[in-house]
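Among the features that Swiss-Prot reports, thiamine diphosphate binding site is placed at HIS79, GLY120, HIS121, SER122, GLY152, ALA153, ASN182, TYR290, GLU372, with the record citing sequence analysis. Taken from Swiss-Prot, the feature Mg(2+) binding site covers ASP151, ASN182, and the record attributes it to sequence analysis.
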Amino acid sequence: MIDSARYPRLARIQTPDDLRTFDESELRAVADELRAYLIESVGKSGGHFAAGLGVIELTVALHYLYQTPVDQLVWDVGHQTYPHKILTGRRDQIHTVKQKDGVAPFPKREESEYDTFGVGHSSTSISAALGMAIARQSEGDDRKIVAVIGDGAMTAGMAFEALMHAGGMDPEPNLLVILNDNNMSISEAVGGLTKMLGRATGSRTLNALREGGKKILGDKKNNPARFVKRWEEHWKGMFVPSTMFEEMGFHYTGPIDGHDMPALLSTLKTLRASKGPKLLHVMTTKGKGYEPAEGDQIGYHAVGPFDPDKGLVAKAGAKKPTYTDVFSDWLCDAAAAEPRLYGITPAMREGSGLVRFSKEYPQRYFDVAIAEQHAVTLAAGMATQGGKPVVAIYSTFLQRAYDQLVHDVAIQDLDVLFAIDRAGVVGPDGATHAGNLDLSFLRCVPNLVVMAPSNEAECRQMLSTGLQHPGPAAVRYPRGTGTGVAAGTDLSTLPIGKGELRLQGSRIALLAFGSTVAAAEQVGRELGLSVVNMRFIKPLDRELVLAVAAQHEGLVTIEDNVVAGGAGSGVGELLNAEGVLRPILHLGLPDSYQHHASREDLLAEAGIDAAGIRAAVLKRWPQLVTGTPPLSAAG
């Protein structure tokens, strides 16, 4: 429960209705308490941190002035919504964020009526809010719809598609878009739009130049009024993004200080009373109010539990490398040997492991902002000219560039390597960030080689294999650390389409893909079963699969992907095509979206940890325990 002595105002707020009982003069104090409570809570639980600190004042002002949940707020991405959750009935549960059965890390419609649209990926808010506004207006409903977009999300093309649609509509939609401009996504925001928005911080200079120009030019009788207007527009276009947004059909206001409560309240009151599409540009500081986060906005984007008095403290001792670390080291080593290699990321330099590469090879490093579609086609263009592009991307974000993968890369059989991080079970970030679909949507793409490593050394070998392969290739690896196998430093490759027999047992064979191999080996040793490290999802090792099928009574496929259309389906299709009849048990992720919980919890729930695999095998073949006669070979 909240400490009412430390947070006397926040303790009185369960819902925005309670917030609205305060006088405007008290909102500054409410915001200060909310910021302090967020620091305390995330310090205990971990979670997304710096973005929420940057929108404290904006969150308070919006819930104070708008009649939420009747008026609807749509938050982009969702990194910044912990303050929103605290003010909308989840204050006393916020310390459970990202935990199993706890508060969701992003807005989730099933969790609260105040979470009007589920998010996790960026740049969807304006489209969703516009759809809401159209639907409401068609019913004669005049409730207010507000989209809050920031943290670099305005750099994505989808946001501009929605802006152009909204601004050109007749009748005009009653929509407010708030651009939370903190010059950050997770890494620093990049691109031409970011530079243009940055000029807006000099708007005071613009105002001075504008007024000075009017006085000088206006005093000259031979200067027509239109010349004064052109002077204004010239400087306006240089310093303020209003020209662009107003050309799209939006009434632009700003920029204003997003931490100035009186200015926010005054401006929002005016905009609330006006009709049509409006855009409010607010300037905020990511990590505002917590000095370590203001100084390291990337490091404090998402954190584990920490002591707010000390900040983040590096853990002593050698750190076990993650798969992301393995990729990072490999990329730099490969770049040293291959001058045609380029590294591409859609705004995920830190998360995807390109920090070192960006420093050592800045001329070959491309952060394209939140533009997954562009990233993939950019790589395709490089490949047509003999380049060796590597696209480092999360599994969940690759979904956004699927057409480009198929149309621009695979159809043309171009030499592009996809390094797919956070594949399979991801964990605390929930359904929006899970990588549980990629094997299914990659396996069906002609020309594409798809690999999944069982350990760190194999990951490095597969990356080298994909780079050397004359065509598109994908290596997908999980979040977190591997099995502890040293990755090495060489650039050796693997024969494409060849797996390996890890354990020779009897009766039943476990055909495991990627990160499930270690658990399969544990079960194989316990029950005396054969274990195959399949390595390749496409092409499958046809000879090995057929040989194993001929030597065993039954097969089990294991993968950290949905069973439907996944790697196990490929094994079944191969056996069916060859006329081989064997009982097959397919183990993998269920036909549902992952909730937020630890990776270990989710693997156990899906039955693809060692205990789950063992239980499933014994349920299907109980004679492995009872000692009853073996199954007769089928077919």
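Every residue, even glycine, has its Cβ placed from backbone N, Cα and C.
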- Task: Report, in whole Å, the straight Cα-to-Cα distance of ASP151 (Mg(2+) binding site) from GLU372 (thiamine diphosphate binding site).
- Result: 16
- Other C-beta atoms that fall within 10 angstroms of the C-beta of ASP151 (Mg(2+) binding site): 31
- How far is it from ASN182 (thiamine diphosphate binding site) to ASP151 (Mg(2+) binding site), counting Cα to Cα, in Å? 6
- Pairwise CA distances across HIS79, GLY120, HIS121, SER122, GLY152, ALA153, ASN182, TYR290, GLU372 (listed as binding thiamine diphosphate) top out, in Å, at 32
- What does DSSP say about HIS121 (thiamine diphosphate binding site): helix, strand or coil? coil
- Note on the structure: One residue among the binding-site residues HIS79, HIS121 has the fewest other C-beta atoms within 10 A of its C-beta, namely HIS121
- By a simple count, how many Cβ atoms lie within 10 Å of the Cβ of ASN182 (thiamine diphosphate binding site), its own Cβ left out? 23
- Query: How many Å separate the Cα atoms of HIS121 (thiamine diphosphate binding site) and ASP151 (Mg(2+) binding site)?
  - Reply: 12
- Query: Quick one: Cα separation, ASP151 (Mg(2+) binding site) versus HIS79 (thiamine diphosphate binding site), in Å?
  - Reply: 9
